[in-house]
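The S-adenosyl-L-methionine binding site feature in TrEMBL is assigned to 68, 93, 120, 142. Annotated substrate binding site per TrEMBL: 146, 178, 216, 217, 218, 219, in sequence order.
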């Protein structure tokens, strides 16, 4: 949807719920160039009614498709893409400042296997085919601490059921948060879903990030505020394990 179009001209999009501002600070000139030159090549749109074949988003042959929801400034997504050139990476972020930062990094590092959806991630989860993702990340999402706002949390029973459907058996869902209440809610919700196995043998498995973790600005912000993040890994169980 362009800036000149109204939501009413796209009835199916009126259900999308994105809270907060779409644009924060003014984009830097380099970010504006990256958005103008690269974003049209990397952006895609989807509706739940249309469905989506994620592998067809990528020109080159890829081994798997991974998804990051709410990539913020794109530090983790870009580092993951750089470390895994054979993986197609989909990033979902509704706020343009984060998208602009990621496009600048993709342009600088030449990351052709990154695609971006600027929309509500829940719409994408509904559109993805069964067992179409090898891995999914939800890192430092908004905790919506007020009780009346908990329904806005991206990790909830409905989305966990969606993740269970779209992540292939043996694949992983990886979560991180610096909000202890949200972390406990995440854990309880995932443990209640028999499709997932929590990959934690010791306390360090959730106190420390997984191997290859590049760090993010939200993690650094939490550390400055004295908040210890929680890192959670869940494996999608095989059919014979259910």
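Just so you know, glycine gets a Cβ as well, placed from its N, Cα and C.
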Cβ neighbours within the same chain of residue 178 (substrate binding site) - under 8 Å, at least six residues apart: 140, 218, 219, 222, 225, 227, 228, 229, 230
Alpha-carbon spacing, residue 93 (S-adenosyl-L-methionine binding site) to residue 216 (substrate binding site), which is rounded to whole Å: 15
Secondary-structure category, per DSSP, in which residue 178 (substrate binding site) falls: coil
Assigned conformation of residue 68 (S-adenosyl-L-methionine binding site) - DSSP reduced to three states: strand
Rounded to the nearest Å - Cα separation of residue 216 (substrate binding site) and residue 142 (S-adenosyl-L-methionine binding site): 14
Residue pair residue 120 (S-adenosyl-L-methionine binding site), residue 146 (substrate binding site) - Cα distance, angstrom, rounded: 21
Residue 217 (substrate binding site) and residue 68 (S-adenosyl-L-methionine binding site), distance between Cα atoms, whole Å: 16
Residue 146 (substrate binding site) CB neighbourhood, other CB atoms within 10 A: 8
Residue pair residue 142 (S-adenosyl-L-methionine binding site), residue 217 (substrate binding site) - Cα distance, angstrom, rounded: 14
Surrounding CB atoms that lie within 10 Å of the CB of residue 217 (substrate binding site), all protein chains: 14
Conformational class of residue 217 (substrate binding site) under the three-state DSSP mapping: helix
Lowest local Cβ density (other Cβ within 10 Å) among binding-site residues: 93, 120, 142, 218: 142
Cβ-based isolation winner (fewest other Cβ atoms within 10 Å) among the binding-site residues 68, 219: 219
